[in-house]
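Notes for the one structure printed next.
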Number of protein chains: 6
Amino acid sequence: MSHGYETGRLDLPFVGHCTFGKRPVCTDLDRIDADVAVLGIPYDMGTQYRSGARFGPRAIREASTLFSFGHGGAYDHEDDLVYLPMDKVRIVDVGDVDMVHTDTVKSHANAEAAVRKIIKSGALPVMLGGDHAVNIPCIRAFSDEEPIHIVQIDAHLDFVDVRHGVTEGHGNPMRRAAEQKHVTGITQIGIRNVSSTAREGYEDARARGSKILSVRQARKLGAAGVLEQIPAGARYYVTIDIDGFDPSIAPGTGTPSHGGFLYYEVMEVLQGLVKRGKVVGVDLVEVAPAYDPSGITGFLAAQVLLNFLGYIFAARQS
Amino acid sequence: MSHGYETGRLDLPFVGHCTFGKRPVCTDLDRIDADVAVLGIPYDMGTQYRSGARFGPRAIREASTLFSFGHGGAYDHEDDLVYLPMDKVRIVDVGDVDMVHTDTVKSHANAEAAVRKIIKSGALPVMLGGDHAVNIPCIRAFSDEEPIHIVQIDAHLDFVDVRHGVTEGHGNPMRRAAEQKHVTGITQIGIRNVSSTAREGYEDARARGSKILSVRQARKLGAAGVLEQIPAGARYYVTIDIDGFDPSIAPGTGTPSHGGFLYYEVMEVLQGLVKRGKVVGVDLVEVAPAYDPSGITGFLAAQVLLNFLGYIFAARQS
Amino acid sequence: MSHGYETGRLDLPFVGHCTFGKRPVCTDLDRIDADVAVLGIPYDMGTQYRSGARFGPRAIREASTLFSFGHGGAYDHEDDLVYLPMDKVRIVDVGDVDMVHTDTVKSHANAEAAVRKIIKSGALPVMLGGDHAVNIPCIRAFSDEEPIHIVQIDAHLDFVDVRHGVTEGHGNPMRRAAEQKHVTGITQIGIRNVSSTAREGYEDARARGSKILSVRQARKLGAAGVLEQIPAGARYYVTIDIDGFDPSIAPGTGTPSHGGFLYYEVMEVLQGLVKRGKVVGVDLVEVAPAYDPSGITGFLAAQVLLNFLGYIFAARQS
Amino acid sequence: MSHGYETGRLDLPFVGHCTFGKRPVCTDLDRIDADVAVLGIPYDMGTQYRSGARFGPRAIREASTLFSFGHGGAYDHEDDLVYLPMDKVRIVDVGDVDMVHTDTVKSHANAEAAVRKIIKSGALPVMLGGDHAVNIPCIRAFSDEEPIHIVQIDAHLDFVDVRHGVTEGHGNPMRRAAEQKHVTGITQIGIRNVSSTAREGYEDARARGSKILSVRQARKLGAAGVLEQIPAGARYYVTIDIDGFDPSIAPGTGTPSHGGFLYYEVMEVLQGLVKRGKVVGVDLVEVAPAYDPSGITGFLAAQVLLNFLGYIFAARQS
Amino acid sequence: MSHGYETGRLDLPFVGHCTFGKRPVCTDLDRIDADVAVLGIPYDMGTQYRSGARFGPRAIREASTLFSFGHGGAYDHEDDLVYLPMDKVRIVDVGDVDMVHTDTVKSHANAEAAVRKIIKSGALPVMLGGDHAVNIPCIRAFSDEEPIHIVQIDAHLDFVDVRHGVTEGHGNPMRRAAEQKHVTGITQIGIRNVSSTAREGYEDARARGSKILSVRQARKLGAAGVLEQIPAGARYYVTIDIDGFDPSIAPGTGTPSHGGFLYYEVMEVLQGLVKRGKVVGVDLVEVAPAYDPSGITGFLAAQVLLNFLGYIFAARQS
Amino acid sequence: MSHGYETGRLDLPFVGHCTFGKRPVCTDLDRIDADVAVLGIPYDMGTQYRSGARFGPRAIREASTLFSFGHGGAYDHEDDLVYLPMDKVRIVDVGDVDMVHTDTVKSHANAEAAVRKIIKSGALPVMLGGDHAVNIPCIRAFSDEEPIHIVQIDAHLDFVDVRHGVTEGHGNPMRRAAEQKHVTGITQIGIRNVSSTAREGYEDARARGSKILSVRQARKLGAAGVLEQIPAGARYYVTIDIDGFDPSIAPGTGTPSHGGFLYYEVMEVLQGLVKRGKVVGVDLVEVAPAYDPSGITGFLAAQVLLNFLGYIFAARQS
């Protein structure tokens, strides 16, 4: 009988160090031997309103321990599947990128170097922001790889070119991505309400091939309809700004925008995406725990990531 | 003219002691003379993540005062009914079970004894948790009664048999219930995402006759469809884990799980249930006010209970 | 190239004084020269549960700075429109009404006088509560104008006539409005659950011509169906109690009620309303920031008002 | 052996209804038979900054349960005394005064009537505010008694006569008291920093016989020195504004003022006072739990009151 | 009779826009005509732990309204003085420096330019941080003035030269200041516990003429003794890091350090300082409201600044 | 020049995993090779009021990262010493004891076994609670060692023998310790106000050789005087209940008691103690982060422990 974890510890969620999903740590980026490498990028100098996303990686790690029940993977009764079996999907937590306060260039360079090492190791890179500016070095790190298509879940288009000299803040990442040769296009989902991107940014994005969907447009299409807007058979880099979700479930973020996605609306797109092509990189950004007193934003981030990883590896195995 | 409560106090919601619905207190369990007896069970040693549900009864009582407007019952314009008229439905607040810290066996024994006394008095027992482990003594207290069918609203299956010797924590209550002779079956609604119950727990539950519905499955069926899954004409014991609701409306709980029920989805099932059989016991558990800074989880618990009681007695009277 | 705001400041949302939408201040009510005048009424002596709405105006102003990106108005990609272009819609923040603590009569008189001055200036009056009692002087201030129809978004009917002598608390405003000659009717939307208005209040409201819709009734009708319940071609005064929205997005309020509206459900009614008649006054009340630790209630209020103002002036221009 | 409370319940602090010190309830003011009667006055319409003191009585009651350990009174090892033995000092919680929102006159009248009834019963009246305006009816209620001297612990002088017609707000109570024939004088301790009382108020107070001490002046005098400033052998009414204490231990109040008293500085004055004359009335005001997220202000209020009551009855017994 | 503010508004603290001390706004830095100009510098990219000081200026402005009672200045009964009479000390709030996210160089340049303009106007510059890095441009702005001596109240020495290329973060300001020709020395008070400055930084500081006092050393010396350590007759620039105060009264800051100053300990040094020389500039930094749920850190900052300004101008007038 | 950490990372406090002091992890208790081993015991079933201390270890670890500046140890300018040089004092974080919910006996047994292994390794055991009940297995683990004297910093005596069968809750640890043969005596410092220990507990403690000091008694004696009460030349086990400190600096705990110690009062006793004998074990308990919204309690715990460890090893080296 295996009920009692007789051979080891009970290891309740509140017990022990906070690593992502309570998985092992490997801070030597040259020695990663895993299927997934989770990297924190605690940068928040790019934000235009509430700062604090530098504590996003810690909050997500702590929240992820809630979902670390059991020793044999996560059973989902709706899909009748055990996701992320410990012996088959090796996840490691590779720690955080070194940050240099006051210096965006160095911080981004450190992030890019770290992601390049993860890619080189063959593990799936999963980055925990930090504000959305951290996506810029992440995308750059793929410059030597096969082309990627970006799927963005976000309230904001983040397509500002340059303003007062700023090119690498949290309003710029999708514009920076669109300039990269290895980025073949962007699907931008959840975009709504006023933001730092003005009309010209939307026109620019469309001109560069972006497909833009609001929450209501995505809702009307349904998950299947949304998936049809995304090129099939591509290599996907998925960037999830937690403010793509509704403030009711993601209050702890710098620039909340009402009218966002509820949980399953996003998850069903992600679950479909893993069957439509190959997910080669993921970031989840803008969790700011100082504005999340009940912790639900951290739980959302952890739950989204762990389930998304489950989908990805279930698809790879089948 | 009766507008002015001329014969008494205005008694605004923020005024006065916090008893459930501002109803009278009767702490002598041998002298209950009422239709409903509300009992707190402030136990939280069974939780596997965030503790604090021991303050659930106090939080629910305080929140319930918001809904104590008026002296003549609660008018619902959608149903055109006055629910819980003070002169017809006598609710008493019988206080809390005596807790013995460090000692689950004694605490549960005290709870069981108290519920038995309520049952004996003829009042409907309504228990305020505490974590979900408090359901174990509550169900046991019905062992001398006619059989019951359990309707559970919850994010988690709570069907762990034993692990590291633990049999009466908050992951075990439905397994314990299923072992009781006087429990004819369980309908488990809202179950989703990873939890302490592994695959074998689900198989065990189904083998013992449980009907398991996820939020999305329940949503697809609608309230009427869900009700059809519940045996008709039974005596129902309803156990509501507040985490069956979505974290957006129930953040103040120990183990939140995104993707939960919204308010009316549950209420419409409860409203239908009272017409399908007889509700003979209710518990509402896992409210942890330390994680509920805006108080909305407490308000949810109070609003659910007061409306559910309204439905129950309206059905009995009609 | 206009990307860089070269001729001025970047003026990020977190920078600068908190005026509504970062628009100019004009505290001399005799010299308003604007299309919209935003006035705070920081009164909370009318509330029957949690006080604190006196800080509503400050919270809404601070939150509104998040939506002040850009210098040329707010581009909405769903409507492909730039709302509230700075050069075409002149909004001024006229500060707060002088409050006299302990004295409702004087405070209301000051509010009424201020709103009269705004009306006289020709600007659209937009009032930030305060609790819902502030609606009473606002409506009175229209007594010399053409008749108005009131559209109320609220969880509570607020139709108590008098109780213990109280006639001007936050449970009374719609009853007071219904007595005014210049009020032709009221559409009351979102009404649900128990409140200070008893059955007789509902009967009174209907007898005086109110149309009452619960959230579920409104949801079933859809925005278009709701709009049909509102007399066409009228002059509308819109009063938005933030508790008309669901506690998941509006926890920071005095008397939350579960089962409320989500964001777009209300916005689509408001967007339709501006095409059905002329909006001549707006108030948004009951934001209590002490119960809004993540700030999302303030953001909701600001987002609703700025978008609603956008709709109103887009309709006037077209 | 008496260790185990064998004849009853363990009754841990977190268990049971929140009455003051978990003492019995007696809401019929005509039947009080006790040494102390604790009355809540949940009024906060008199405040000039942050409201919320209406929830002071509930917060103090809840906090007081922490100090309800044991069944036989509270042993203090420094004094080697058991204070408040249950069988010798009978405390009852008489509930709250009925409040009429928007109406200060009626609310104050209700408070005065209630305090009169307590006085008449022979019990020591202990009032829980509410803002400091509630002191006005409390003092009036003593008009038929032997004269009293008021000892005020406060950051603010509260000696405003009238401003904009306001005479009974929280800036007025000591001025109102000074006008009463039965008030022989006031000792005002802890007064510091700017407040609503201007220079003329201080002059007025001194002219009417007040003795005013700042925190630093009191600290320099020491407890014994402060006591010498208070007329000996009098009947004392003690009014404690929680903001007399430092914001470090009393953050949860409407108008915090840095540089306040620490715990023992006040307690030693109170402990000396009970030997200098007879304490005939007590109020503790301005606890606003919405600004007290860690609960320490409530604990301070409860700890001060329970210890002060202990001193009073120990002095009476000796 | 002047009691009633008959000629104007009551203007309670919670009413109206949040400008510093409710004083007038003058955002045109070329037209300042005042004795004091208060400038926000909402920069927080220099912090090494918790960010959020960018909202410091807004928090201090909001808190300062609590101390805006009365129309004729602030009466202090201990000193028997009316400080800051409105007609004699003209304070203006000149708004915030324009910030450029991701770009420390530009943000600091904007701050320096703004402070230069205030100096040029002849007004006393008072800067609200932002993190302590904002002191760097403030000190530079004095390069064309007569030499200054810096008096620093702080837990941390902030004397790091350069580390990983960082020279203008919040650990560097005093080192940067010490390099300036117009800075004749620094008195560093309150320094304690571990920080980013290592042993070599202390040696460097002392070599460059700094006088360093811990809290306990300052406490032993007393205010008079501390003042003796500061060169007499100088022009003082006072920089107050709120973390120089104890976390008990200043929890809302990025890098709290236990064992700090209590309120009067600092105020008595500041009150003495104004008699020892001329205060020519002030900044108060590191208030981070996201970590200040009860608001007391903001109140501390506002109370310190308003009283310090009172001392400065009382000294100038006498 | 070593300023720039050229050979490695800047490693700011907010970057990286949360281990104690950012020191290395060693979860294999059989392979500890260090001077200090830090162990979490996340147990909170022993508390009699607010639970949540199970998250104490995580909160202390996260807070401790603030004090991990620099790579070469912590320079203290008051003592002119570099404490805890990384190359000389090897601290490891050995993770948490496995907890078994509902089961105090097993949880305590696990804790005892873990502490025994640390002792066996030769490292100084430092335990992070959890509530004070965790001290019971910690003390037991020393049963095979040379005798120890316990120095307790606490608000409460914790000397209850048995009540309702409870012998191992957080009110019992000092009574349990006093029964151990290897415990030669207890010095109990900071004891004040009412608690679960009744008069008989005090008598029992004194009879068994305890020396009891209240905060005021300790304050009057001074650090030197307090130290004289402690037997010289002994092996000390120091147990620090965070509620020994004042609620102003330690609000985040289960049973706060006003009138506690300020920071240096305790630190000076600890600094003296290391010279008076040998510290052989340390625990710090009762940090409950759910009640610590500004985080200062966690910072206090981390600052106390890191400085105490610095004192201990500086004494050993000298």
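Each Cβ is built from the backbone N, Cα and C atoms, and glycine gets one as well.
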Residue among B:His132, B:His164, B:His258 sharing the Mn(2+) site, where TrEMBL lists B:Asp154, B:His156, B:Asp158, B:Asp241, B:Asp243 as binders | B:His132
Identify all same-chain residues not among B:His132, B:Asp154, B:His156, B:Asp158, B:Asp241, B:Asp243 whose C-beta atom falls within 8 angstroms of the centroid of the Mn(2+) site's C-beta atoms; report them in sequence order.
-> B:Gln152, B:Ala155, B:Leu157, B:His170, B:Gly244, B:Thr255, B:Val285, B:Glu286
In DSSP terms, helix, strand or coil for B:Asp241 (Mn(2+) binding site)?
-> strand
Specify the count of other C-beta atoms within 10 Å of the C-beta of B:His132 (Mn(2+) binding site).
-> 31
Which residues of the same chain, at least 6 positions away in sequence, have a Cβ lying under 8 Å from the Cβ of B:His156 (Mn(2+) binding site)?
-> B:Gly171, B:Ile191, B:Ser195, B:Ser196, B:Thr197, B:Asp241, B:Asp243, B:Thr255, B:Ser257
Which same-chain residues, if any, lie at least 6 apart from B:Asp158 (Mn(2+) binding site) yet have Cβ under 8 Å of it = B:His132, B:Gln152, B:His170, B:Gly171, B:Asn172, B:Pro173, B:Met174, B:Arg175, B:Ser195, B:Ser196, B:Thr197, B:Asp241
Number of other Cβ atoms within 10 Å of the Cβ of B:Asp241 (Mn(2+) binding site) across all protein chains = 29
DSSP output for B:Asp158 (Mn(2+) binding site) maps to coil
So for B:Asp154 (Mn(2+) binding site), how many other CB atoms are inside 10 Å of its CB?
-> 27
Work out the three-state DSSP category of B:His132 (Mn(2+) binding site).
-> helix
